[in-house]
C-alpha cells in the first residue's frame, strides 16, 4: 500500500481491500507527504548511483522517462526496449514513460493500477509517489531473499504480504521488544537501536539504557552506526523517524535494507554481558519429543549476550541433578551444544545459566515419553537434499517423514566443506504428526553433508551430499569490447569482446550474434580465466548486428547490444601507443596517429565513464601525438576518425586503472638509442631507463620500425631499478621507441629515431663547370656534389690556388642530399678541389682545375696621364684607369720618384675602373707602371716630370664661411692648393670686429679654415697664394645676428599642429628673401645673396623622415614630406648649416580617417 489520501494509487503485493482500509485524506503539503517524497527520492538515487544519474526533484525529473527507464533497468538488471534518448516533444516523453510502464507489467508481472504515462509526464506527484512505492514493494521488500528469515513458502502456499513479511523478520530479531507497526513503535529511537544491535551484536549495546525522551539522539546514534558499519544508507533522516507524522511506507523503505546488510570489517563492537540476550533452542528443551534411550541435544546461543560462563543442568524425574557438558562450537553466533540421553520416562527439567543467572524461559520442562523409534522407517526428500540446485544464501528445505517409525525427534546436522557443523543453522518444524520440515540457508559454496538422525541414529541414506553453488545473478555480469561498440567495426574486422562473470555465481554464458537477414554469425570462444571469456566474430556484410549475451538463462545488463557494421575499408593511417590499451587515472594517456600520406581530416573522440579532455599535437610530419586525461577508472572507447568515419581498427578499447602509488613522470631515459639522429642501420645502439624514483610498476619498452614491425630488443635488469636496453635496426628509416611505466607513457616518450644507412664516401659524385676545363679567373662558377647514395655524413670542401692559398667558397645545401658550391678565384693557375665525406676523402678527390686568365689588357684605358706630361711640385695629381671593358682582375700601380723611391698612391675604385691620386715632392722625372690582372697594360712605363713653380689661379676655396654666418659661431671654408705648386698660403678677415682665425692641414693638399665673428655686419675674407689673391678673393660675407635670422618666414599645412596624416604627402614654404637681401648687400649688391636651406624632421620613434626641398622662382623654398608614423613630429630648419633660432615646429600625425 502506498499512502493515505489517494484512492487511485497502485497496489502491488497488498490486497486492495487492505489499501482502502488505510487510506486517509491529507493536505498537499502534509508532513507525511514531504517525508515520503524525500525518502522515495533518496531510495531512487541510491540505485541510480550505479549509472551515474541523479534525481533532484521527484515531481519533475521523471517527466521525460529517461531517469525512470534507468531506475527500472538497475532494479531489474534488464535492458529496456528501444526508446528516445533525447526527448524534446511531449509525444516523445509519453512514449518513453509508456515503454517503462509496459515493461513492468509485461516483463516483470507488476500490476500498475490507475497510472498511465500522461500522469508521469504531467508531473502528478501523488501518482508518481505511488509508482515509486510499487517499485519499492517489489524490488526491495517482496523479491529479495533475506538471511535468517524463519519461514519459507512451500509451493502452492499463500505467503505473507510484504508488510507482514518485513514485520515478522523484525520481530524475530527483537524478541524482547514489542514491535507491532512501522510508525509509533519507532518514534523513540530505541527500536532502531535494538535492531542495529541485533543484526550486529555489540555494535549498539547500550540501547536498553536509552530513554524515550531522548528520541532524536537515540535515532541519530543508531542510524549513524548502521550507515557507517552496516552499509544502510539513511533513506529517512533521524528527525523524520522520530516525527509522529512519519508514515509507514517511508519506514518500511528504510527498514527493508536491514535483512541483507553486512557488518564491515573493524566495526567498533562493544560486548556487554546480558543473560536476557541468551537464546536456547533445540529438541532437548522442547516440551515434548525426547524419548527414552535416544540422545537429544539443545543449543545455547550467546552472540548478543556478551562474555560470560555458560552452565547447563538436567534434573531427572527422581529429583537428581547432573551438570551437562556445554561444548563451545567456536562459530559466528558463539553457540554451545549440550547433549543428554533420558534413561526413563517422566518430566525432566533443564536449567541454563549465563554468568550465574538463568536465561529467559529457564528452567525448561521436558516430558520424556515412550521409547526410541526405528530410524530405518524414516525417509526424507525435498530440494534441500538434491545433489545440485541449492544456491548460496538462498533458503531451501526438505521434509522428513516418520510414519510407522515410532517415537523420536528428527535431528539435522549440516557439515560445510571444511567439516564445521555450526556454520549452517537449520530449523526443523512439525507440519503434522509424522511430517517435519527442515529449512536451512547455506552461507558458503561447495559440497555440504546433510546428516539426518531419528531417535539419535542416522536414517537410511544419511548423510546426503549436497553441492551448494553460487547464486547466478546475471545483473552482476558485464561485457565490454570493440565488438559491442555501436559504431566503428567494419566488414572483415575481428570484432572481439569479453564477458566478466566474477561475483555472479555459477552459470553458463551464452552469446548469439545475429547479422542482417537473421543470420547467426560464427563465434570463436576463448576462456581467459575462471571468470573471463573472450568472444570474436567476423562480420561479412555491412548493416545492423544484434549481440545477445545471457548468463544462467538471463540476459545481462545492456543486452542485446546493437552494432552497426560499416563497409570494408583499407587505410594507410596507423595508430599506436599505450593510451589505446589503457592508462591510469590522473595521468595523460598517450597514443600516436600517423597518416602515412593519406589525405583526409583526422578527428578524435572518447566515450567512457567520464569526460576526458583531449589534447592533439601536430608533429608536422604527418603524425600527431594525442593525449587524453581520464578522471574515472573504467573502460573507454577511443574513436580515431578520418573525414568523420572510424578508421579500420577504431574504436580502441582502453582500460583505465585507478590511481596508484607509482609515478611514471619520474622515470628517466637517456642514451644514443633515443637520440633523433646518429643511429645507423646494422649497428647496435643502446639506452638506459632509470625507475629508481618512480615506485614499483611494470616497465614496458618496445621499438617499431616504419612498417610498424617490432624490432628485437635486448633488455638487462640491473636489479636496482636501472635497466639497459639495446637494439640493432636492420634498415634505414624512422623508428619509434616507446617507454611505458605502469601503462603510462614516460616523459618524452615516444622517441622518434631516424635510422640512416652506413656512410659510403665512394658513392659521392662531384661534377659541374667549376671542376672542368674552361674556368677563368674573376669569373663566377660552380660545381655540384651528390651525396644521396652515400648514406649519412657531413660533407667538407676546400679550394686552394697554385700557391696553396684557400679560395673562399659558398656551399648551398639543396635539402635533398645534394650541394651546390659557388666560387670565384682572382688569379689564374692550377687549383685543387678537396672533398671529404663522413671524415674520409672521396676517391675522386683531389680534383685539379686549370684556371685561365680572364683579362684583356688591350681594353684598359688611362685618362689624365698624358705621355711626357708635367706638373708643379707638391701639387695633387690625378688620373683615371678605365677597366670596365677588360674584365675583372687585380689592379696595381707603381710610381717611382727621380731618386728611385716608391711614391705612395691613393687608389679609389669607381664604377668604370679606378681613380689614382698622388703628390710629387721631388723635381725630375717619375716612372708610372700600371698592371691589371698581373699584366702590364703598356709595354713601356708612363713618364711624368715634376717642375718647380706656384700657380695662385689653381688654388680653390669653398664653404659657407665665404658667404656668411652667425654671430659668435664659427664660419668655415676649405682651401685646396694641390694643383698650385709650391707657395705660401695667406688668410685674413676684415670686418666690424677682429675675428680669430684657425687653420688645420688635412694632409691631402687641403686645409680647413674657421673664423669667429663676434659682431654682425659685412666681413671681407682675403685668401692669397705666394702673396697673390686666388680666384674669387677677396670674398664678401655677411655675418647675421639672431634677429636677422628671425626674418625667415615659414608657412603651410605641413607645420600645423593638426591636419597631418599618415602616408599622406604634405608641404610648407620657407621664405628667406629678407635675409638674402642683407647678404646681397654684403657682397656690394652683386650675386643673389641666397643661402642653403636644410630641413630635419624627427619621428616619434627618433628616426628621420625624408624631406624634399624645391627652390621656387620667387626666391622661396618649398619643402614636402610624407609621414609614416603616428604621433608627434618635430621639424627643425638650418640656414647655411646654422639652426634657425626660435624656429622648431611640432605637428601631431594621425591615421587617415
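Glycine residues also receive a Cβ, built from the backbone N, Cα and C atoms like all the rest.
Among the features that TrEMBL reports, domain 'Calponin-homology (CH)' is placed at 34-140 (among others). Looking at the domain 'Calponin-homology (CH)' (34-140) alone, the prediction's average pLDDT is 89.
What TrEMBL records for 160-263 (among others) is domain 'Calponin-homology (CH)'.
What TrEMBL lists as repeat 'Filamin' is 270-368 (among others). Note on the repeat 'Filamin' (270-368): DSSP counts are 6 helix, 45 strand, 48 coil.
Taken from TrEMBL, the feature repeat 'Filamin' applies to 370-468 (among others).
Counting residue by residue with DSSP, the repeat 'Filamin' (469-565) contains 9 helix, 46 strand, 42 coil. Residues annotated as repeat 'Filamin' in TrEMBL: 469-565 (among others).
Annotation comment: TrEMBL describes 565-656 (among others) as repeat 'Filamin'.
If you look up TrEMBL, you'll see 659-755 (among others) marked as repeat 'Filamin'.
Positions annotated as repeat 'Filamin' by TrEMBL: 756-851 (among others).
According to TrEMBL, the feature repeat 'Filamin' maps to 852-946 (among others).
Residues or ranges marked as repeat 'Filamin' by TrEMBL: 947-1039 (among others).
The repeat 'Filamin' annotation in TrEMBL covers 1040-1149 (among others).
In terms of DSSP helix, strand and coil, the repeat 'Filamin' (1040-1149) has 17 helix, 52 strand, 41 coil.
Counted with DSSP, the repeat 'Filamin' (852-946) comes out as 3 helix, 48 strand, 44 coil. Helix, strand and coil content of the repeat 'Filamin' (659-755), in residues and according to DSSP, is 6 helix, 42 strand, 49 coil.
Shown for the repeat 'Filamin' (756-851): DSSP residue counts in helix, strand and coil, namely 6 helix, 46 strand, 44 coil.
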